[in-house]
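In what follows, a single structure is set out as structure tokens and then discussed.
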């Protein structure tokens with residue numbers, strides 16, 4: 001069976017609109033560039049859809065595996081504890097399951113952005129915009 | 001006079017080491033790729049050096065302008081209020097001044113990462129690493 005991959009972009013969530021906007025816009029960019037993947041976004045707290053709601057919204061898409069990726073800059077308690085708990089990941093394997101359309105779909109868990117040349121390039125671009 | 005530009009990468013700071021590591025590593029990447037710029041990193045709270053300490057560490061480098069760029073994903077109160085207050089930016093112009101080596105050096109203020117194709121590319125890479 002060919003895998004059909006879903007990507008869930010997980011944002012922190014905020015009372016202000018900015019975090020929600022950034023995460024949703026990034027999800028749209030990925031969806032546009034990679035139409036063979038099914039992209040959703042969900043939020044840990046304060047914004048909607050919640051992570052659980054976003055996960056269930058993969059129903060009907062035929063995804064066979066979902067990569068949940070935190071749209072967070074760095075690791076921390078949200079990454080190591082809170083989000084794995086929401087996703088009910090196995091603490092050993094860092095994998096989980098969600099039931100969609102009567103099938104069990106595997107959830108795998110990605111790293112946050114971290115230090116990467118792409119972030120360095122973007123920070124330099126943000127500096128260039130103002131000097 | 002030719003401008004010599006400094007870039008101050010401003011992190012949130014954290015009791016955990018991750019935020020500090022990511023911001024410092026990103027600053028190192030920028031410094032390596034753009035040796036004609038003077039790069040420093042500083043933290044809003046909890047980590048060292050503080051933003052003020054990092055700003056003063058441009059002394060002796062000959063910078064004529066400093067771009068302060070928040071290494072934050074999205075805007076919010078830290079971006080619109082807390083960091084501008086630490087940097088004593090003019091609320092109208094979003095610019096400030098710092099006295100270094102007896103000269104007044106202009107501070108300009110960059111945007112946070114925001115939604116950008118570079119972030120979308122990195123989130124997709126983080127998904128690819130696990131599916």
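Heads up, the Cβ atoms here are built off N, Cα and C, so glycines get one too.
Annotations in TrEMBL come from automatic prediction, not curation.
Per TrEMBL, Co(2+) binding site is recorded for A:12, A:78. Taking a C-beta cut-off of under 8 Å and a sequence gap of six or more, residue A:78 (Co(2+) binding site) has these contacts in its own chain: A:12, A:44, A:70, A:72. DSSP assigns residue A:78 (Co(2+) binding site) to a helical segment in the three-state reduction.
Per TrEMBL, the feature Ni(2+) binding site maps to A:12, A:78.
Look at residue A:12 (Co(2+) binding site): DSSP puts it in coil. Positions annotated as active site, proton acceptor by TrEMBL: A:12.
The feature substrate binding site is assigned by TrEMBL to A:73, A:74, A:75, A:76, A:77, A:78.
Taking all protein chains in view, 21 other C-beta atoms sit within 10 angstroms of the C-beta of residue A:12 (Co(2+) binding site).
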